[in-house]
Amino acid sequence: MDVTIQHPWFRRALGPFYPSRLFDQFFGEGLFEYDLLPFLSSTISPYYRQSLFRTVLDSGISEVRSDRDKFVIFLDVKHFSPEDLTVKVLDDFVEIHGKHNERQDDHGYISREFHRRYRLPTAVDQSALSCSLSADGMLTFSGPKIVDPSHSERTIPVSREEKPSSAPSS
């Protein structure tokens, strides 16, 4: 039985499942060895893999939900205070802007700024929109949808006919 042995260089952890954190919104929190040299960890230990779940959590989660009754946006803004955030509705868009000036942290000085824009569904009641910031830094923007009575759900009964269908058979 032949076993293929690969040089560690060919087992590098490069690609979309092992992105660098250098350019995400949390770049000021400090760096790990694999942020600077993502292939180094797999060269030293080919069985080491960065958790994909950890990568998703570190990316600044933004989630949009639009169901029948309401429209909701969840946005992770844990590095911003309510005074640093501006939420505006312009026509059919909601714009969320966050900016804080340079301040000192454990690694030096840092300033952050982001701008997100989401399209509002036409059925959202813009007079009843609300926005809140949780203690853990999750911004929730929501609005109820206007239910159109002409588009309400109703059940259509199925009747059984005694004669065969006149549709052509294939």
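Note that Cβ sites are derived from N, Cα and C of the backbone, with glycine treated the same way.
For His107, the entry in Swiss-Prot reads Zn(2+) 2 binding site, with the evidence type similarity to another entry.
Annotation source Swiss-Prot lists Zn(2+) 3 binding site at His151.
Annotation comment: Swiss-Prot describes 148-164 as compositional bias 'Basic and acidic residues'. Sequence-distant neighbours of the compositional bias 'Basic and acidic residues' (148-164) (same chain, 6+ residues past either end, Cβ-Cβ under 8 Å): 123.
Among the features that Swiss-Prot reports, domain 'sHSP' is placed at 52-161, with the record citing sequence analysis. Each residue in the domain 'sHSP' (52-161) gets a DSSP state, and the totals come to 15 helix, 56 strand, 39 coil.
The O-linked glycosylation site feature in Swiss-Prot is assigned to Ser159. Take the CB of Ser159 (O-linked glycosylation site) and look out to 10 A: across all protein chains shown you find 5 other CB atoms.
Residues or ranges marked as N-acetylmethionine by Swiss-Prot on the basis of similarity to another entry: Met1.
Look at Swiss-Prot and you will find Gln6 (among others) tagged as deamidated glutamine, backed by similarity to another entry.
Residues annotated as phosphoserine in Swiss-Prot, with similarity to another entry given as evidence: Ser45.
What Swiss-Prot records for Gln50 (among others) is deamidated glutamine.
Among the features that Swiss-Prot reports, N6-acetyllysine is placed at Lys70 (among others), with the record citing similarity to another entry. For Lys70 (N6-acetyllysine), the count of additional Cβ atoms within 10 Å of its Cβ stands at 15 [all protein chains shown].
Within the same chain, residues at least six positions away from Lys99 (N6-acetyllysine) with a Cβ under 8 Å of its Cβ are Phe80, Asp84, Ser111, Arg112, Glu113, Phe114. The feature N6-acetyllysine is assigned by Swiss-Prot to Lys99 (among others).
Positions annotated as deamidated asparagine by Swiss-Prot: Asn101.
Summarising model confidence by region, the region 'Required for complex formation with BFSP1 and BFSP2' (1-63) averages a pLDDT of 52. According to Swiss-Prot, the region 'Required for complex formation with BFSP1 and BFSP2' annotation covers 1-63.
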Same chain, 6+ residues apart, C-beta under 8 Å of the C-beta of Asn101 (deamidated asparagine), given in sequence order: Ser111
Rounded Cα separation (Å) that holds between His107 (Zn(2+) 2 binding site) and Ser159 (O-linked glycosylation site): 73
Inter-residue Cα distance where the pair is Lys70 (N6-acetyllysine) and Ser159 (O-linked glycosylation site), in Å: 35
